[in-house]
Amino acid sequence: MRNSVFKIFILALVLGLWFQGTRPYMGRDEHRYTEIARNMLSSKSFLIPYWKGHPHLTKPPLFYWTIALSYRVFGDNRWGARVPNALAFAITAAALAAIGKRLFGEGVGLRTGSLYATTLTPFVAANIVTPDTLLVMWETLGAWAFFRVPHLAWVFWALAFMTKGTAVLPVMLPFLWYGWVKRRDWQGLFLGALVFLIIALPWYLYVQFHFPYFWEVFLKEQVTGRLFHNYFHRNSAWYAPFYLYLPLLTVGAVPIFLSLLKNGRSLGSFLKTSEKVRIVALWFLVPFTVFWLAKSRLPLYILPLFGPLSLLAAGLELQTGNRLPKKAFMLFWVGLLLAIKAGSSIYLKAHVIFHSP
């Protein structure tokens with residue numbers, strides 16, 4: 001297993017690091033995130049993120065810490081800003097390979113990792129300075145731990161909470177149900193929740209102590225504002241998921257989508273094979289439902305869905321014996337991804353389109 005997991009890690013790392021520092025910063029988010037990390041290093045204020053001289057408390061600091069650390073190691077440049085995302089992408093692919101091996105066998109593990117590492121949306125996201133790639137890494141490591149050392153999963157989920165707050169909760173729910181609630185393991189649930197709070201809560205308490213308005217703003221903007229209200233004016237219309245998410249879950253999910261298209265008819269029987277398969281299915285379905293119904297929607301919000309999709313696709317291939325895409329297509333696809341990333345990076349460096357200062 002270690003050999004196959006390592007192979008997937010190297011594959012994803014090459015894909016992630018390829019021309020990683022060439023493309024200029026684009027859009028407000030990349031500039032904001034990198035500037036906040038830069039401010040942390042200059043001000044030594046690592047607990048309170050600052051943006052344009054004001055506290056920026058919309059997200060916990062773990063994501064900014066990774067950029068700041070990368071700046072220290074690789075320098076204050078675009079490469080340094082994006083290395084954490086490439087590493088997170090590679091670790092996620094390797095963790096998925098380990099989960100696939102654990103649930104279905106060596107071959108499925110290798111297939112799961114290769115499907116995820118070469119899927120268009122995660123591949124593109126690994127080149128963007130965004131907390132979503134780091135969030136997915138912690139969530140996937142939590143899933144890996146759940147199937148091996150369940151109590152360790154709480155540590156990774158807490159780190160996900162320190163990356164993007166409550167965004168981790170929809171992913172946690174299926175694991176909580178099957179791992180503890182369904183089994184009535186209340187002691188294990190309590191101890192796990194205690195570990196989670198010990199890691200995740202101190203920063204929130206610290207911020208609340210220094211900024212008494214924090215909890216009200218956090219609940220109003222980051223929780224209810226995103227779920228139930230059009231607070232951020234981000235694709236809140238009922239039909240928005242059809243144009244925002246469906247393209248990413250079809251074209252953006254190649255080659256996973258091609259595999260599911262071939263074997264999807266066997267999904268019902270596949271779900272009956274084991275409880276672990278149903279956990280993976282709910283790992284996709286519960287967050288998908290939340291993302292679809294939430295009033296705040298952006299493309300990378302659904303990045304957590306591609307991990308369980310790759311597991312389902314690889315597992316279905318094992319059951320049906322139909323492996324699609326074939327090896328030749330996968331080799332062609334990897335070459336195409338590398339060419340697209342190199343070409344677009346060079347082009348954008350020359351033209352700096354959609355660049356905001």
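Backbone N, Cα and C define each Cβ position, glycine as well.
Taken straight from TrEMBL:
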| type | residues | note |
| --- | --- | --- |
| DOMAIN | 59-205 | domain 'Glycosyltransferase RgtA/B/C/D-like' |
| TRANSMEM | 86-104 | transmembrane segment |
| TRANSMEM | 116-138 | transmembrane segment |
| TRANSMEM | 154-177 | transmembrane segment |
| TRANSMEM | 189-206 | transmembrane segment |
| TRANSMEM | 242-261 | transmembrane segment |
| TRANSMEM | 277-294 | transmembrane segment |
| TRANSMEM | 300-318 | transmembrane segment |
| TRANSMEM | 330-348 | transmembrane segment |
For the transmembrane segment (86-104), find every same-chain residue at least 6 residues outside the stretch whose CB is under 8 Å from a CB in it, and list them.
1, 4-6, 8-13, 15-17, 20, 110-114, 116-117, 122-123, 125-127, 133-134, 136-137, 140-141, 143-144, 147-148, 274, 276-277, 280, 307, 310-311, 314-315, 318
In this predicted model, what is the average pLDDT of the domain 'Glycosyltransferase RgtA/B/C/D-like' (59-205)?
97
Using Cβ distances below 8 Å and needing 3 or more such pairs, separated by at least 6 in sequence, tell me whether the transmembrane segment (277-294) contacts the transmembrane segment (189-206).
no
Top stretch among 116-138, 189-206, 242-261 for CB pairs under 8 A with the transmembrane segment (330-348)?
116-138
Helix, strand and coil residue totals from DSSP for the domain 'Glycosyltransferase RgtA/B/C/D-like' (59-205) stand at 126 helix, 0 strand, 21 coil
